Amino acid sequence: MSFRVLPFFLLLFLGRVQAQHRDYLQEAQLLYQAREYTAALEDLNHAIETNRQWAAAYNMRGLTLMALQNLNMAIKDFGTAISLYPRFLEAYNNRGMAFSQQGEYAKAIEDFTHCLDISVADRDVYFYNRAGSELALGRYKDAMADYDQAIRFNPEAEDAYNNRAKCKLELRDTTGALDDYQRAVHAEPGFTLGYMNRAFLEESMGRFPEAIEDFRQCLRWNPQNARAYLEVGALEEQYLGNLTDARRDFDKAISLDPHFSDAYNDRGTLEMRKGHYRAALRDFNKAIELNGFNPDYYYNKGITHKQMGKPGSAVKDFSGAIDADANYGPAYYNRGLLEVAAGNTKGACADLRTAADKGLTQAGAALAQYCH
């Protein structure tokens, strides 16, 4: 979930401190912006020691603690800043972000609403942040209304269009979602997330040429996006039947992210399709090594072993898929067929019944044939 943080320029003007003590806060801000959070925290501790009434120092320390994932202490510091300066909007906004990161969305909404109640400035920030918490709670209409307001105050807010599209998708307005993704990339042509999300939606609608173009557009702006290479490669393989370009894109995704398990899996399915079974197995094994909890990897490896005429290995792989996901119907079905061939009628029928229970229509025909 994304949020908007208010600028730092207000910080130095809150709290009466001697000029030499302001250096702690100024240095902490520079360290924070350089992502040297531990060093920033030390300076902020010194700043607060000089003046326990320094609201800005508590607020800045809260931001630093948030960056260090110490949300409870961050919330406490924001609360102290607010108690010292009850109209400290930035502290309310920051505490709202911390509450939201903790999953306490109702408290976050309360803080963002307080900002909206007392401020005439930065309203796009507060509407945007409140909408994020409403979206997380599944309050899609409320979130959409707040994104509407965020956009009204800042018509170039590409992330607000992007998130409003999510609300519209939840409300089954695909046309409106596509329009918002278009508005997002129009507001910021380099907004790669907008291209990616629109491509996923277009793919789900069967608009494959448009999806391919959006993934490619994403890559024009960010050639280091491994996920975009994977997605365009999968469409090239499945929709265009262009195995050469698909293999090139899978290779590129892996070169950009050697720990990208889905890329190994997709390259493995391509190799299996080409009859290159050993290469396929290497990729499936690597995918499983990187992520042993994805049933697809085991299943695809099992299909490969089955096509290689290695039923024993295939059964183990299908069992691995079932261990990863007990509801994985195709694995029960294929394991059941192999058990039929091995003469294990009892085990085969149990698997085929499970597959049928999980909605595989072909399992019903197999049950009728083998399990009287």
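Note that Cβ sites are derived from N, Cα and C of the backbone, with glycine treated the same way.
Keep in mind that what you see is a predicted model, and the values were worked out from it rather than measured.
The following features are taken from TrEMBL:
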type: REPEAT; residues: 55-88; note: repeat 'TPR'
type: REPEAT; residues: 89-122; note: repeat 'TPR'
type: REPEAT; residues: 124-157; note: repeat 'TPR'
type: REPEAT; residues: 192-225; note: repeat 'TPR'
type: REPEAT; residues: 261-294; note: repeat 'TPR'
Integer average pLDDT (0 to 100) for the repeat 'TPR' (192-225): 98
Within-chain partners of the repeat 'TPR' (192-225) [C-beta distance under 8 Å, separation at least 6 from its ends]: 158-159, 161-162, 165, 169, 174, 177-178, 181-182, 184-185, 231-232, 235-236, 239-240, 256
Number of helical, extended and coil residues in the repeat 'TPR' (192-225), per DSSP: 27 helix, 0 strand, 7 coil
